[in-house]
Each structure stands twice: as structure tokens, then as C-alpha cells.
Amino acid sequence: MIEIDSITKTYGPTKAVDAVSMTVETGTITVIVGTSGSGKTTLLRMINRLEEPTSGEVRINGESTLSVKPHILRRRIGYAIQGHGLFPHHTVARNIGAVPQLLNWPKDKISARVDQLLELFSMDPAEFRDRYPAELSGGQQQRVGVARALASRPDLLLMDEPFGALDPIIRTRAQEDLRHIQQRLGSTIMLVTHDMEEAIRLGDRVAVMDGGKLVQYASPAEIIARPATDFVADMVGDVERPLRLLSLIPLSDIVEEGPAEGAPLSADASLREALSACLWSGRSAVPIERDGTPLGRVTFEAIRARAEMQA
Amino acid sequence: MKSTGAAISAPGLLFAVAGVAALLTPFMTLAANRIVAGEGVLAWNIAGPAAVTPGLIAVLGGLGLGLLQRPASLRLGGAVLGLGGLLWLLTQGASCLLAETGEYARVSPAVGFWVLLVVLMLLMADALTAMAPKPLMRGAILVAVLGALAIILGSGALSDLSVMQEYAGRSDAFAREAVRHLGLAFGSLAAAVVIGFPLGVVAHCRAALRSATLPVLSFLQTIPSLAMFGLMIPILGWVGATVPGARALGIAGIGFAPAFTALVLYSLLPVVGNTVAGLAAAPPAALEAARGMGMTPGQRLLRVELPLGLPIILTGLRIVLVQNIGLAVIAGLIGGGGFGTFVFQGLNQTATDLILLGALPTVVLALTAAIVMDILVDLTRRLPEDAT
């Protein structure tokens, strides 16, 4: 559990982060979202003490981060940044093994861990271990950057706009991969983004920052349905709100008996995808299946009814 | 660039025109003694037709091969062939011209020879650039060229030339001054690294020191070299006279110490400046990641900044080495020794070939140092894994 206790950072007269308190549960993804200058990155960087808080403190599993030297603290916290920050003169293996090496793990343990992580990120160790970052695609570089941050099995993984440098298609893929890996490893992740779409897609909890203050800290559904301030409503976007809400609900929630024409959708897909399929193909219902077995259908009417219920 | 029809190398054409023009100027000079001005002799007059023709054919053939756009290896072959022809003409001409004259006569290469030498070496450099050999291959080529040069000089084929006669009378002094010259150039480089590298590292970490140091070093660099060597005389003379024990260490107004000090002062800007620039060359995101993963400042310096900056730092050392090999000539003026000794003796005696005895080895040394350092810089770029 990460407890952030009325943490404040001032630069001269301006308060970059103003008495923010929040608690992050172990094994969840918390997304901090805000516009530039909202203090979201400063908040993140105070957790591993890349910025020293002016006042307040952070506790990781009950222990204050101020009780250890900053560089020792940082070796226990994974850190992934926009543009990956890989060392251009080190191989993929050496990049991923950087923190274990700082922690003086034995060599064979490091190389076993490197291979394990490469496999986890669907990169063949034999092929990629000895490559240099410049020999990788943007998506591969990003995955190596995240693998490096996870290498020492940190208590917490901090990510600062980790997908910011990726193009939209690869970004969606990378977000899905992160979700899967987080679920498999049970990692605790705090991620900063300016993209509300990304926050809703990835976050178990979303923290909205504005002018250094934490204005709302809630589940994605709560943020969409009941934005605490006009600013949060703006971030969510009025026009987008119903669609964003639908994107959070799986089809399995409203699947019903009955026939439907056309290509089936997976039960794990969201209502938003079903709505899109209905509109695009002019159908009033789409068939639903799970692992190839037909489950029934979802109708256009049912989607509409569900959306009204939420609003 | 693909030129389908005319496969003529543009620089090759320039080299051929310049080379043929050079053949129309005196190839060698013949003088009654080592001091008077000589008389120019055209290439085809330096010896009988049987001796001259093969050399002329080789030179013209080499220039002709240099015209070909590709393969570059043919152009390289042309350069080697041309240089061989040049050497042939030189040896034939030297013995033949001297055979008909008096005891004190001197024969030297003239403008035609020098221009052809430069043109053929440029052709060789152009071909090698196009072939882009790997660093180790470049090292092998350098060793082969230097080896060939040593064999030619050692064989005595050129001993009739005036500059070699100047050498013959001074071989002991030449060896001594060569060691002195290397000592000045490499010693001042080593001293500049010992002082400048730590200074550069500290300046990298402290912006205030950086902005104070670099302008001072830039200013030192602007002092004309003759003035710098001259300035060292009163300063080190005073040190030698007043500081106890300094004289025993050989510190005096003239000699090795002031020359060495001046060279070190000139070396500091490239060493410090390139160290600062090299350390600043690491990508900001990589440094941020290094900090974020828990590297201490020392670990960041050793594992990230230094290996990534090494090519730039070595480039600074290359500048210093080549610069100091050249500047060390001026040390001869204040009794510092080195090849400059011959240059200034030659200037005083108006003996051009004695000047050459000092200047030619300096040029060869500087070129060799530049090529070796370039190879090292390339190796650190290509094998970044070995850099740490």
C-alpha cells in the first residue's frame, strides 16, 4: 500500500503540488491525469524522490520514503519514462539488467531474469538479448523500457507518460500489454498521463490533478458518471461521456438469448465496440461468443437502455 | 549517385589535369652546392629515355586509372602505381644528374615532384574514402604504407637526394631530436590530460566553474604560438631563478621546460572543452532513467556519461596531438629541441633541404597520429559495449 500524506512542493511562490493525499492499493493501476502544469509529474517524481517534497511524506508499506537514501529508495521503485530512456551503448540484456546489477544480483540470476522478462513482453530472448536499442522499433524500445523498470520486482512501478512517444496503433497495443502483465505479476503501478482516454482504459483508480490540487480520486466509472468539478467534466468531455462509459462495460453484462446476423463479438469486448458494430453494419443486434462458443446476442436497444441507466 | 554513361570520377579528372600540368614544371633541381639556388630539370630530362620512360608511363597510367568512377580499388591501384613511378623517377634522376657534376652538387625534388606527390596521395585518400575500410583495415593500410616508406628510406635508394645527405651527416642528432619531438608532443598531451580531464569532469558538474574556465582557456588559445613560446622565457626564467629546486629540475627560461609548458597550455582548451562537450552528449532521457533507477552521480558518470562521451573526448585528444606535433617545431626556436631544431638551423643557413629534414618527419608524424586517433575514435563508436 502506498500512502501519500498531504505532500506539497513549492517553487518560490508557486505551489506545484498542493497538499495532495491519496492511498494506492497494492496490485492496482492508479492513473494520475491532468493538463500540463497540473503538477502530476511533480507528484510522481516526489514518490521516488527525484523531487524532494517541501512538506508531507510518502509511505510505502508503512515505511516513510524519507527513511532511506534516495538512490537506495529508487532501486526498489521501478521507473519508466516517455521516450524510454534506454542506454544507447548497452545491449537490451544489459539495459534490462541495469537495476539488478546495481543491487549486485549474481550474473546467472540477472540473465535468467532478463530472458524471463523478454518472454513476458513477447520478445524472443535469443533474438533480442544482444541487440542495441537503436536496432529496435519504437514499440520494442518501449517494452524494453518497461521490462527494465520491472526487472528487480519492485514494490511499485512509476510510469511518466510511458506511451507518449508511440503512434496510436502501437499505443493501444502497449496499453493492453501493460494491463495483461500487471494482472499476471500483480504489480502496483502509478502512471501519469494527459490523456483521459488512457486513464479510463488503464486505471483501476483515476486521480485528476488541476493546478497542483487533487480534484477527484475515484474509479473510472465514477469519474465519468459524476465528475466532481467542471474541470473533470471538461477532461472527460461531454460529447464523449456516454461512449467512455460504454467502453467500461463488458458485453457479458447484457448478453441475452436470441439470434443475430453478421460477425460475432467476444463477450469480453465493451458495449462501445458493440454499438460501433451496430452502427457501422446497420444491424440492430450483434451475436456474442466466448472462445468460439455462441452465447447469444446484444441488441442496439439493450445498449441504449444501459446507457440511460448510467446517466 | 549513379552516372550511367560517363563513368568518369570528377576528382579523378581534377587530379589528372593537375598531375599532367605538374609534369610540365621542373621535376628536380640541380645545384652546385647545398646553399645556392638550383636549376630546374623537367621530368624527361633527368635521365636517359630508357630510365625515364617506365616512370613516366607509370605516373600517367596511375593518373589515368584515377579517372575511373568505379571500382574504387582501381583508383587505389592507380595511386599506388603513380607513386611507384614517382619514386622510380626520383631514384633514376638523382643518380643520373649527380653523375655528371662536381663533388658538392646537390639534387632535390622540385615543384613538379611535390605537386605530383600531393595529387597522387589525394587520389589515394579519395579512393580509400570511397572504399570505406573498417577501422582495423585502415590500421593495416597505415602500417603497410609506413613499412614501405621505411623500406625505401632504409634501402638507400634515395640517399643521393640532398635531404638524405643532410640526414647522413646528422643521423645521431636526428634520432635525438626525434625522441625529443615525440617527448614534447606526447608528454604535453599526457600532462594536458592529467590536468584537463579532471578539470573537464568537475566543470561538467559545476556550471559556475564551466563558465569561468572555458573563456580563460579560449583566451590562451588565441595567443600566437611564437608569442606564447617567447612569453614562457621570462616567466620560467624567473621561476627557475627564484623557486628553490626548480633549476635542479631543469626549469629555466629556455630549453625543454618552457616549450613543454606552452604546449600544455595550448592543449587545455581542446581537452577540457571536449570533455565537457562529451559528458554533456548523453541523451537527457537516458540520464533521467539512470537517476530514476537509483544510480549515484558517480555511477552515472562512469556507466552512462563517460562511455557515451568517449568518442568526443578522444576527438579532443586527436586535435591536441596533431596540433602539438606541429607546434613542437617552434620549440626549436627557444632551445626546446625536436625537429624544429633542423628547421631553424636550415632557415639560418638558407639550406632548404635542412628545413625539409625537420619538416617532412613532422608532417608524416602528424598524419600518422591523425589516422591512428581517427581509428581509435571509430573503434569507441563501433564497439560501445567495450567502452565501459
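Every residue gets a Cβ built from N, Cα and C, even glycine.
Heads up, TrEMBL stuff is auto-annotated, nobody curated it.
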Stretch carrying transmembrane segment according to TrEMBL (options B:72-91, B:272-291): B:72-91
Remote residues contacting the transmembrane segment (B:354-377) - C-beta distance under 8 A, at least 6 residues beyond either end: 34, 135-136, 138-139, 142, 146, 149, 163, 166-167, 170, 174, 178, 181-182, 185, 311, 314-315, 317-318, 321-322, 325-326, 328-329, 332, 339-347
Same-chain residues at least 6 beyond the ends of the transmembrane segment (B:301-321) whose Cβ lies under 8 Å from its Cβ atoms: 185-186, 188-189, 192-193, 197, 200-201, 204, 266-267, 270-271, 273-275, 277-283, 286-287, 290, 295, 369-370, 373-374, 376-377, 380-381, 384, 387-388
Cβ pairs under 8 Å between the transmembrane segment (B:178-202) and the transmembrane segment (B:327-347), at least three: yes
Interface check, the transmembrane segment (B:72-91) with the transmembrane segment (B:327-347), three or more C-beta pairs under 8 A: no
Long-range Cβ neighbours of the transmembrane segment (B:139-158) (under 8 Å; 6 or more residues past either end): 87, 90-91, 94, 128, 133, 164, 364, 368, 371-372, 375
